[in-house]
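Listed in Swiss-Prot for this protein:
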type    : residues : note
DOMAIN  : 42-113   : domain 'KRAB'
ZN_FING : 151-173  : zinc finger
ZN_FING : 235-257  : zinc finger
ZN_FING : 277-299  : zinc finger
ZN_FING : 333-355  : zinc finger
ZN_FING : 361-383  : zinc finger
ZN_FING : 389-411  : zinc finger
ZN_FING : 417-439  : zinc finger
REGION  : 515-548  : region 'Disordered'
ZN_FING : 549-571  : zinc finger
ZN_FING : 577-599  : zinc finger
ZN_FING : 605-627  : zinc finger
ZN_FING : 633-655  : zinc finger
ZN_FING : 689-711  : zinc finger
Amino acid sequence: MSLMGHGKVEMLLYAVPLLKAPNCLSSSMQLPHGGGRHQELVRFRDVAVVFSPEEWDHLTPEQRNLYKDVMLDNCKYLASLGNWTYKAHVMSSLKQGKEPWMMEREVTGDPCPACQPALATFRALNESGNAFRQSFHHGEYRTHRTFVQHYECDDCGMAFGHVSQLTGHQKIHKVGETHEYGENTRGFRHRSSFTMLQRICTLYKHFECNQCGETFNRPSKVIQHQSMHSGLKPYKCDVCQKAFRFLSSLSIHQRFHVGNRVNLTRHQKTHTQRKPFSCNFCGKTFHRFSEKTQHLLIHTRKKYYTCNYCKKEFNPYSKFILHQRTHTGEKPHKCDVCEKSFKSISNLNKHQKTHTGEKPFSCNECKKTFAQRTDLARHQQIHTGKKSFICSSCKKTFVRLSDLTQHKGTHTGERPYQCTTCEKAFKYRSNFTKHQKTHSIGRPFACNECGKTYRLNWELNQHKKIHTGEKPYECGECGKRFNNNSNLNKHKKIHTGEKHFVCNQCGKAFSLNSKLSRHQRTHNKKENSSKSVSNLNKHQKTHAGEKPFPCNECKKAFAQRMDLARHQQIHTGRKPFICSSCKKTFVRLSDLTQHKGTHTGERPYQCTTCEKAFKYQSNFTKHQKTHSIGRPFTCNECGKTFRLNWKLNQHKKIHTGEKPYECGECGKCFNNNSNLSKHKKIHTGEKHFVCNQCGKAFSLNSKLSRHQITHNKKKP
């Protein structure tokens with residue numbers, strides 16, 4: 001006989017003594033004399049033990065006879081309470097030796113004989129919710145009964161619908177403590193019954209999950225529990241193919257297909273009704289009193305599992321296990337596609353929808369779909385147009401409080417989230433979390449054009465628009481197009497004149513937060529200072545000569561990871577960015593953008609001190625430092641001073657005569673690579689710099705600049 005069936009025989013042996021115990025009936029269960037409170041029904045199913053056909057086949061004849069005797073005793077005791085309506089036909093079935101599952105069908109139905117409500121069984125009611133009020137309104141059924149677990153065990157927190165069930169359950173704790181046949185067990189008719197109950201205590205929570213350590217009293221419970229770890233969902237709905245871990249979950253789901261709308265009707269009321277029932281502990285409100293009652297268990301139920309790290313208490317054990325993973329960092333549930341790990345199976349299931357593209361939640365207004373119900377709920381607030389949360393600084397309004405809280409950080413400039421690896425700081429936790437992934441996970445999505453890699457597929461798709469020239473976002477005012485929506489929104493502020501970002505020191509307003517941040521540095525400007533702690537650390541590496549990022553191809557080292565990434569593109573030999581004027585190709589888009597300025601001759605960056613103009617902001621920034629900071633690096637040979645150490649080292653080659661850069665065509669040597677590159681154009685005949693007035697071409701931009709002076713030269 002299976003262990004499960006054997007456990008039921010043990011349960012069977014103390015089913016009758018529980019009813020026979022002197023304290024098993026509460027005052028609410030006594031027969032009233034006259035008016036007063038209604039009598040609460042104790043029914044056959046509350047104490048019956050039912051075997052499946054498979055389990056019944058494994059019982060011996062002696063055990064089957066024992067079953068019949070005990071169940072007949074149960075019938076007698078229930079009948080003695082005066083309110084059991086199944087006495088005659090159930091006792092007849094027992095005497096005839098009917099199988100237990102046949103009797104269960106006879107006694108589990110509890111319909112009103114007059115109106116036959118479509119609520120089939122007490123078990124179905126329990127599965128559809130912890131509390132359900134059913135009104136019996138005909139004849140002897142005129143009794144209000146609430147299937148709520150009112151009676152709670154002080155030892156383990158387990159709740160029961162009837163005090164008799166609680167009394168019987170508490171004997172398990174008493175027997176577990178005494179292990180003696182004495183006063184606590186006086187309700188048992190036979191010592192053998194007590195001996196069987198002792199075996200329940202020894203088997204209680206004997207079967208342990210080998211993944212999380214949770215224990216169970218039956219192997220079937222362990223198997224059911226372990227499906228949470230494996231993600232296995234063996235029960236599939238024939239109608240919609242949705243899969244479930246448990247058969248009971250499938251049964252509940254199938255009611256939606258067959259027309260049982262009890263739960264749907266109850267749910268729809270949540271959209272129309274107010275919530276009059278409030279929790280005195282936390283203030284949470286509920287539609288129904290039964291929901292409040294169930295919620296109160298969170299505050300009142302004893303919590304047995306204490307976290308060793310933070311001393312927080314949890315119940316049940318599964319919540320305790322999930323909480324501990326926040327301290328240990330354990331993530332046992334791994335995605336098969338990208339190998340990302342999660343603390344719980346529910347988070348893994350949510351994540352997997354990002355790979356499948358499944359978006360089952362659709363907005364009724366705009367038909368946009370979402371992977372998560374919470375994302376849909378957030379989106380739907382957009383359609384209401386209601387923006388209840390107002391920023392006190394700039395009067396901008398927001399749909400959600402969380403958006404307002406994030407926005408306020410733009411006015412204060414506070415960056416509370418700092419990366420411990422590179423010391424970069426962030427205003428928002430979401431950006432900080434994304435940044436941390438750059439240190440821990442790879443970049444599996446690579447661009448076929450330039451080889452640049454990305455962590456997320458949507459980032460790659462956005463990048464590809466640079467190569468294709470696709471700009472689907474058009475400004476309605478001026479027709480200018482952009483490759484992403486965020487750049488379009490920034491541009492629109494030019495037309496609206498909207499300037500929500502105000503400097504708290506001088507009152508100047510800006511359309512973008514980035515412009516405000518740049519402006520605020522002018523107030524806090526100090527010599528040799530950097531924009532942030534992270535930039536200061538980067539700057540200090542230039543003095544120390546520290547270059548921790550080496551190239552695997554040529555072993556050249558760099559002070560910044562970003563510089564290494566730019567350098568590595570040289571080894572691929574790919575130059576996907578082409579100048580439309582001279583057809584010269586570049587590794588990076590920024591290089592192409594800078595190069596285009598050489599054709600126009602435009603110099604938009606002008607120094608206010610000496611009025612010297614520059615094509616590129618980087619050269620302009622370097623030039624400004626010549627006016628503001630010293631030149632600490634001095635040549636010992638000629639006394640010439642330099643701002644940067646590498647420039648001094650380059651200068652020293654003039655004195656030593658060192659010329660390590662040799663031309664492969666003519667053998668001429670140079671002391672730096674830039675001079676060699678200029679020289680090579682003599683051999684190639686390359687003349688990319690064309691005068692826009694006479695069409696003459698030059699190999700160097702400096703020669704073009706000198707030539708253009710001749711066109712602008714005027715006689716006095």
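From the backbone N, Cα and C atoms, a Cβ is placed for every residue, glycine too.
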Is the zinc finger (417-439) close to the zinc finger (549-571), in the sense of at least 3 CB pairs under 8 angstroms with a sequence gap of 6 or more?
no
Where, among 333-355, 389-411, 417-439, 577-599, do we find the most CB pairs under 8 A to the zinc finger (689-711)?
577-599
Are there residues at least 6 beyond the ends of the zinc finger (361-383) whose Cβ is under 8 Å from a Cβ of it, and what are they?
350, 353-354, 399-400
Can you work out the mean pLDDT of the predicted model over the zinc finger (549-571)?
79
Counting only residues 6+ away from its ends, which parts of the chain sit with a Cβ under 8 Å from the zinc finger (389-411)?
378, 381-382, 427-428, 500-502, 504, 513, 516
Treating G and I as helix alongside H, and B as strand alongside E, what does DSSP give for the zinc finger (333-355) in helix, strand and coil?
11 helix, 4 strand, 8 coil
